[in-house]
Amino acid sequence: MDDRMNKGDKEAMEKEENATVATDDEPEINYRGWKAMPFIIGNETFEKLGAIGTLANLLIYLTTVFNLKSITAATMINVFNGTTNFGTLVGAFLCDTYFGRYKTLGFATAASFLGLLAIQLTAAIPELHPHRCAAKESGECEGPTAGQLAFLLTGLGLMIVGAGGVRPCNLAFGVDQFNPKTEAGKRGIDSFFNWYFFTFTFAQMVSLTLIVYIQSNVSWAIGLGIPATLMFIACVVYFVGSKIYVKVKAIGSPMTSVAQVIVVAIKKRKLKPVEQPWLSLFKYIPPKSINSKLPYTDQFRFLDKAAIVTPQDEIKGDDGSPADPWRLCSLQQVEEVKCLFRLLPIWVSQIMYCVTLVQLHTYAVFQAVQSDRRLGNSNFKIPAASYVVFMMLSLTIFIPVYDRAIVPFLRKIRGKDGGITILQRIGIGMFVSIFTMLVSGMVEQHRRSIALTKPTLGVVPRKGAISSMSASILIPQFILGGLTEAFASIGLIEFYYKQFPENMKSIGGSLFYCGLAGSNYFSSLLIFIIHRTTNRTATGNWLKEDLNKGRLDYYYYIIAGLGILNLGYFLLCASWYKYKGNSDNTPELELPVNGEKQQSDKP
């Protein structure tokens, strides 16, 4: 009986998912739902395996195969990641304005494949990388020629193009395949998000273990060839399903409306503010707008002037819209721009917070290189880049614990649906990031002390002696890094998603990546300043090629100190912030629930 009911439910869901939807103004849409998922999720899985499989160990590749110095390689990785993350903003704009998600994803996946292929060729063809370095300690080695470096940068550039198109579009394209107006479609969207993050976790696990091991211990040519092959499979899988995809056309960038409000506010800057702006300002909402109606807020009141009606402004009689949107904007448009402006101070705090995550993917790997990475009493060495997997495991394990145990507990104590607000969750993550850097500094101090006072385990070419400290002692700082992501990074993604107007969701997703980009660039600047400043001091360069001769622990402590200042700045911004849809004029930290204002916990 149950089997028959389940079968019937499945058939009903498939019929509901596959239902065609048509309006008077739009052609019918045939939603295929889960029938399109094997192609989309398959593409996602192989694409992530390809990209992460190459990038996870790229730092070691640059220092061992291309013979770059550690500081040069770390800077190159930071600039590459920063440019990649900023590229998502360009990708989101081009997707929304011109090409649509289907074409953008197809082009970006192909570009990623060509980029991975180019990087693989630098390992497979001897003429495309420098000669193997024979120096045993900190000696100089032959670096890459201009042509070799140009070929490598071409591959990285193609990967930037690919990531710029994939990251802002992949989730949205999967959601496009489900009918959002049916219950089956809504359940399908929720399930798709779960499957998406599962594939991302799976790709990280495989990349940080199996692929990294092949690259470090078997062959770089084979280890980089596997990701390139997987990316080629991703391209094939994606285009095979082309006939059944729902392909939403580009409808124009929402940033045009933002630009109109700013331009009109500047044009009308000499106008006097109106009394009772919530009643006097021009009100108009397009009939096809997907954005929820926003109440008036008294922040950034200089933008209100964009919605003041003057005798020169003409309004169409048929639908009440402004004749020239570059001379008059609606109150709704103004409030949408205010949402964006309110987010920017919080976004600035993300830049400093994410600097901690950058170190865990760069200098923490160098710590592992000069530590004892043997597994037990065997001669098997864990690849240095594989220790980052503990960060991902910490994040993956903690999320269900937080969702199923901590949130219900806090809900009972505080009587609030979410247990804590989004901004409070972000603040906790920023606090944990400070603790992460303090622990990293203490571990590095211990590792260096053992390397200088006790017998070492050999020498890393061009770096220095290997400390007898077990690299497993590095695991706590990676676990703390996973916890800070579970609180702050996920909180920031949720914050941007919920606080942006509905038609700016792709821009909101890009904003998180832009914050990561800012962190990469700031980290590069910080490395440059520390390197130049400490090179002339009595203690010597803190960021030497040989960590035993440097003071990486001091560098970590500086980041922790900057994190404390950043946390104070964030708390000020959070106390001033008003959540979208809250018309109360009192600054607060609480998230409105069902349109009602919660009481603040502040004294």
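Each position is counted from 1, following the chain as shown.
Yeah, the Cβs are placed from backbone N, Cα and C, and that goes for glycine too.
Nobody curates TrEMBL annotations by hand; they come from automatic prediction.
Bear in mind that the values here come from a model prediction, so they are computed numbers and not experimental data.
As annotated in TrEMBL, transmembrane segment covers the listed stretch 509-534 rather than the other ranges in 41-66, 509-534. Comparing 220-240, 340-364, 384-402, 478-497, 509-534 for CB pairs under 8 angstroms to the transmembrane segment (195-214), the maximum falls on 384-402. Against the transmembrane segment (478-497), stretch 384-402 has more CB pairs under 8 A than any other of 145-166, 340-364, 384-402, 554-577.
Cβ atoms under 8 Å from those of the transmembrane segment (384-402) belong to residues 56-57, 59-60, 201, 204-205, 208-209, 212-213, 216, 360-361, 364-366, 368-369, 373, 471, 474-475, 478-483, 485-486, 490 of the same chain, restricted to positions at least 6 beyond its ends.
Sequence-distant contacts of the transmembrane segment (554-577) (same chain, six or more residues past either end, CB-CB distance under 8 Å): 342, 345-346, 348-349, 352-353, 355-356, 359, 363, 423-424, 426-427, 430-431, 433-434, 437-438, 440-441, 444, 526, 530, 542-543, 587-589, 602. The list of residues near the transmembrane segment (422-443) in space but at least 6 beyond its ends in sequence, with Cβ under 8 angstroms from a Cβ of it, reads 346, 349, 353, 356-357, 359-360, 364, 367, 473-474, 476-477, 480-481, 483-492, 494-495, 498, 553-554, 556-557, 559-560, 563-564, 566-567, 570-571, 574, 577, 589, 591.
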